[in-house]
């Protein structure tokens with residue numbers, strides 16, 4: 001799984017990824033927001049629809065943004081039904097453990113497939129006290145195991161495990177019957193997810209768990225510099241890029 005926010009990126013990733021996640025990380029990656037919290041349902045729907053239009057094989061999952069599902073299962077259904085109807089996505093993802101289990105069941109039983117998200121949950125980062133790894137204490141370990149059981153039993157067809165110590169990710173994967181998807185968790189999870197811009201090297205600073213597979217920012221910078229130099233030198237466009245009258 002990788003994130004995608006545009007139709008073109010979905011086209012490029014589609015043949016390589018079983019799932020594409022339209023993540024609320026688009027708030028930071030696309031819009032330059034300080035966190036995922038200001039992301040709106042309308043933003044997620046717009047980008048979700050674009051990704052679906054560019055995808056032919058991957059399962060497209062759309063994040064439920066902060067404030068769109070937490071109040072009640074009924075609120076979650078209203079929001080998720082809009083996502084499904086207006087994007088054509090295959091599923092939604094929501095953060096939370098035991099407290100969200102009734103909501104997961106409510107959605108799943110009404111025809112909306114759900115991916116869970118436990119461990120480090122960015123939408124709750126203010127309440128959690130930061131972005132540090134979870135599961136370092138026995139109490140945290142037990143709580144996250146209970147969270148995984150609860151949302152799996154409620155009907156989540158997959159669970160994202162983010163920012164937990166590796167033994168805990170391994171334990172969760174062994175504990176639940178649905179596939180787990182790790183991000184800052186363990187290679188022993190059933191799958192992995194990264195933010196596409198992170199793994200392409202678009203940002204100077206990334207989380208420890210990110211592996212950069214390219215330096216796309218550097219290559220974009222070099223290409224833009226070459227373009228600017230040629231424009232200033234009037235060496236672009238050349239005859240190959242201009243239209244001439246017929247002889």
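Just so it is clear, glycine is given a Cβ too, placed from its N, Cα and C backbone atoms.
The Mg(2+) site recorded in TrEMBL includes 63, 95, and the single candidate from 18, 24 that the record places there is 24. Of all Cβ atoms in the shown protein chains, 23 besides its own fall within 10 Å of the Cβ of residue 162 (active site, proton acceptor). Apart from 24, 63, 95, the Mg(2+) site neighbourhood in this chain, defined by C-beta within 8 angstroms of the site C-beta centre, holds 23, 36, 39, 64, 65, 66, 93, 94, 117, 122, 123. Residue pair residue 95 (Mg(2+) binding site) / residue 162 (active site, proton acceptor) shows a Cα separation of 10 Å. Residue pairs drawn from 24, 25, 63, 93, the listed 3-methyl-2-oxobutanoate binders, are separated by up to 13 Å at the Cα level. Calculated from their C-alpha atoms, the gap between residue 93 (3-methyl-2-oxobutanoate binding site) and residue 162 (active site, proton acceptor) amounts to 13 Å.
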